[in-house]
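I have placed the structure first, in the form of structure tokens, so that the comments after it can refer back to it.
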Amino acid sequence: MGEHHFAGLIVFMLGVCGVTFNSVVVLFLRKAKSLANPFGILTLNQAVTDLINSVVFAFIVAPTVFLTIPLPFEVTTRLGQLLFLAYDCCSWSHLWITLNRFTSIFFPFYYGKVFSNQKTIVYVILIWTLAICINFFEYVFIDCTFYLPNGAWNFDFKGGEACKDIEWYLNYCRNMFLTACIAILDIATVIKFHQYSKEREATNSQRKKKMQRQEFFFLAQAMLQSSLFYIELVCCYNLGALPFMASPWAQFGLRTVAWVTTHAADGLITLVCNGDFRRMFSRRILGSKLESVEELN
């Protein structure tokens, strides 16, 4: 087997993991009545965007790399547009999920007015509309393409100076700023929730353990997902630009593997850290019955 075969298999396995994890999230959200709320709607949108990325890499990019299929330039540019469209929608879905939690903790009396189901659906529509407009501006209106060169293992940018501005300022800086905002809001929410749980922990030890477990998984999900996207951006844009990282395998690991892993792990973190998913998994898959606990959405 040649190196391109191993690269194709790696992309396929990571992509299939992403398809599996995010498909499970989507299926569970459709069945879980406890998640038929704004948090569930936003999480569903996040899972769909992660699923789009995983499907493209698992069933299009992986076979292309494995078999060295010479896809037409126009096809790969459209795939690149789709990947960035899904990536942007995923990032903004994370932001709205963070704002959802922040509002529920800091402004509980206004939560219902800001995050009703109908309004949340409007937010999701706005996310996709804004992402499509930005995507059209960056990759259609401006002479810039994000494509997969024939025989390559990574997508790359192609264009003039305007394309470099899009790559570094509109993509890298925007997403780093967005990730930082998400992390700051999550930290503030965790601190406030910790204060809230301390005020209520004296009632009984069982309640205290439940709230501590809730706080742990909330903190874990917030920190893991923020760190995941931050590391992916550093790998793709910072480490990938270093001269001693110019080898094909280094570029493959820092760019393609980092991208696919991020969207696969995003779905896994959602499954592991959310109490509703854990309880449903235990009941439906393992057959155990866990007691219902109040979950922070």
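Along the chain as shown, residues are numbered 1 onward.
Positions of Cβ are set from backbone N, Cα and C atoms, glycine also.
Features of the protein shown, as given by TrEMBL:
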type	residues	note
DOMAIN	21-141	domain 'G-protein coupled receptors family 1 profile'
TRANSMEM	6-30	transmembrane segment
TRANSMEM	51-73	transmembrane segment
TRANSMEM	120-142	transmembrane segment
TRANSMEM	176-195	transmembrane segment
TRANSMEM	216-240	transmembrane segment
TRANSMEM	252-274	transmembrane segment
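Counted as Cβ pairs under 8 Å, contacts with the transmembrane segment (252-274) are highest for 6-30 among 6-30, 51-73, 120-142. The predicted model assigns the domain 'G-protein coupled receptors family 1 profile' (21-141) a mean pLDDT of 92. Remark: secondary structure over the domain 'G-protein coupled receptors family 1 profile' (21-141) totals 107 helix, 0 strand, 14 coil, with classes taken from DSSP.
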